[in-house]
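J.: The structure under discussion is supplied below as structure tokens; questions concerning it will follow.
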Amino acid sequence: MSGVPPVSTLKQSVEATILAGVGGLLVAIHLVFPESLRTELVFTYGEPSLVSAWTAAAVHDSLGHLVSNVAWYTVVVGSIYGLLAKRGRRRTFWLATAGCVVVAPPVTKLVDYWVLLLQWEVVAEITTASGFSGVVSAFGGMLYVVLLGSVTAWYGYAAGVAASGTVTVATLSVLSVTSDVLPEIAGIALGVTSVTLFGIGAHHSALIQRLRRAWAHDRDAGVRVGVGWVVVVALIAVLFQVELDASRRFVNVVAHGTGFTTGMVVTLGVIWGRRELGDRN
């Protein structure tokens, strides 16, 4: 976990300003643009276009919708940045971030249009869609890949596999309680399974000893992993609520699932591409 060259405070400040600027731009659009103009920027299923797929990601139909997306964007991207900055992978961070912002909106809207309108016919042609949640979902997929990659790089392959399993089990357990995705019995079974897996892992002395040594050597990395784990579990549980949210808006799990998958693919593509080019930063 050592050997990463230090980064100047100025550079860190510039990067933080750029990331904060995205959220600031979304807030400015909602507060400054008149409602009539924001309405023109939404995605309409009966009149799909590549331009509206992008512009729709920047507008929100309510202040609560905006606050939720900006808050999750801040938490998720902050977690990703913390992990990749610790590993000295800033270039990977920025390339994958740009990829998610550019690719996620049109991909999520295309899948939305094909599934919800053409296949399931659950939306009308006059139905509109807007919001940054598709991009936030993509960042969730990016965080998942980065989290598992960081755990594997710092603690070994076995720890990476364990992290993947615990994320899955924890997420399904939460969903079984908070939404209609899984019955409560399945949630209880998943909880018991997670405890069992933890018990088995506790007896994996080599892995446990390695984790303890790593924690003693660099607790900061362990904290970043822990935060990332909690964030990705909480985000997935929120993204896949198959029911109305507090504002009576139906949570679009199709767009969220597409965005999450897109983020994973984009991030893996960036990592693979940089390795092929011999640049691991």
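Cβ from N, Cα, C; glycine included.
Keep in mind that TrEMBL annotations are predicted by a computer and have not been checked by a curator.
Copied straight from TrEMBL:
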| type | residues | note |
| --- | --- | --- |
| TRANSMEM | 12-33 | transmembrane segment |
| TRANSMEM | 70-86 | transmembrane segment |
| TRANSMEM | 93-116 | transmembrane segment |
| TRANSMEM | 122-147 | transmembrane segment |
| TRANSMEM | 154-175 | transmembrane segment |
| TRANSMEM | 181-200 | transmembrane segment |
| TRANSMEM | 221-242 | transmembrane segment |
| TRANSMEM | 254-273 | transmembrane segment |
J.: Give the nonlocal contacts of the transmembrane segment (221-242) in its own chain as ranges (CB under 8 Å, at least six residues past its ends).
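T.: Residues 1, 72, 75-76, 79-80, 82-83, 86, 133, 136-137, 140, 143-144, 146-147, 150-151, 154, 163, 166-167, 170-171, 174-175, 178-181, 214-215, 251, 253, 256-257, 260 contact the transmembrane segment (221-242) from elsewhere in the chain.
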J.: In the same chain, who gets a Cβ under 8 Å from the transmembrane segment (254-273) while lying at least 6 residues past its ends?
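T.: Answer is 92, 95-96, 99-100, 103-104, 107-109, 111-112, 115-116, 129, 133-146, 149, 236, 239-240.
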J.: Among 12-33, 93-116, 122-147, point out the range having the most Cβ pairs under 8 angstroms from the transmembrane segment (70-86).
T.: 122-147
J.: Taking a Cβ cut-off under 8 Å, which residues six or more beyond the ends of the transmembrane segment (12-33) line up next to it in the same chain?
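T.: Counting only partners 6 or more residues beyond its ends, the transmembrane segment (12-33) has Cβ contacts under 8 Å with 58-60, 63, 66, 69-70, 73-74, 77-78, 81, 90, 101, 132.
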